[in-house]
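For reference, TrEMBL has these:
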type	residues	note
COMPBIAS	165-181	compositional bias 'Acidic residues'
COMPBIAS	209-221	compositional bias 'Polar residues'
COMPBIAS	233-244	compositional bias 'Acidic residues'
DOMAIN	85-242	domain 'CCD97-like C-terminal'
REGION	157-190	region 'Disordered'
REGION	208-252	region 'Disordered'
Amino acid sequence: MNLTSMFDRICSSNIIIASQQRNEPDLTYEQKYEILNNLYKTNPINFIYRFGSLLTDDELKQNFDSNDDYIRQILNSNRHKRSANRRYTYMQQLIADGSYFSDEAMKERSPLLYEQMIEKYNDNETKQLVTRTANGPLADFYMEHLEAINHQERVEKEFENEEHVNDDDDSESESDDDDENEQKYSSTEKNLYRQEFLAIQKEKFLNGEDSNIDYTSIDNNENLDDIKIRERDEEEKYFDDEDPYTYINEER
């Protein structure tokens, strides 16, 4: 069992290893190491409870009883947290890149939702299309016309797949009402719809619902690990309710 590397990683992090008074000097590396070693020997369950998410699966399997139900729960929990954190980190990279969460890309992935929450409240796109058509070559108009037809076909197809579709008369009535009320939406309200639409797109990505994404490669990519997130998780765990295993060990 390679305990040294496991302890070294924890000591090198910013995680709180032991509570201290305000004016006490910081623990030395040797003191941290000794505290970890003692806790590991006397109460391994509490050790995992405190620092489990900083450990690799191999360390959990090699240095603890992997047949223990609690260990299996930790392994599953860590795996889920790592996947969630890696997806979040990857999503931030996509947002910074700007293309995946652009209007064009989101419209391509969710045409019906985009039309319901963005397009039908925004007449600027239509005005811009008319301007570009008037000032641009005929080829531009033809290509944009084809794109509009393709988008409309995808919207209609997605709409047909909805489980609860209103009757044709109701749809026409709602369409007329939307046309009459469109101008009543302020820029603030339109922005709220846009933010809600973006939040839905982010949630779909994090939940693994984007069919064009290889989630397996993201979930298994160690380069996406954010040590700050892992340390924050450990700090929150440290200040949770007192662990009952601590008292079990003390009573013994």
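Just so you know, glycine gets a Cβ as well, placed from its N, Cα and C.
The shown structure was predicted, so the numbers you read here are calculated from the model rather than taken from an experiment.
Sequence-distant contacts of the compositional bias 'Polar residues' (209-221) (same chain, at least 6 residues past either end, Cβ-Cβ under 8 Å): 82-83, 86-87, 90, 109.
When pLDDT is averaged over the domain 'CCD97-like C-terminal' (85-242), the result is 71.
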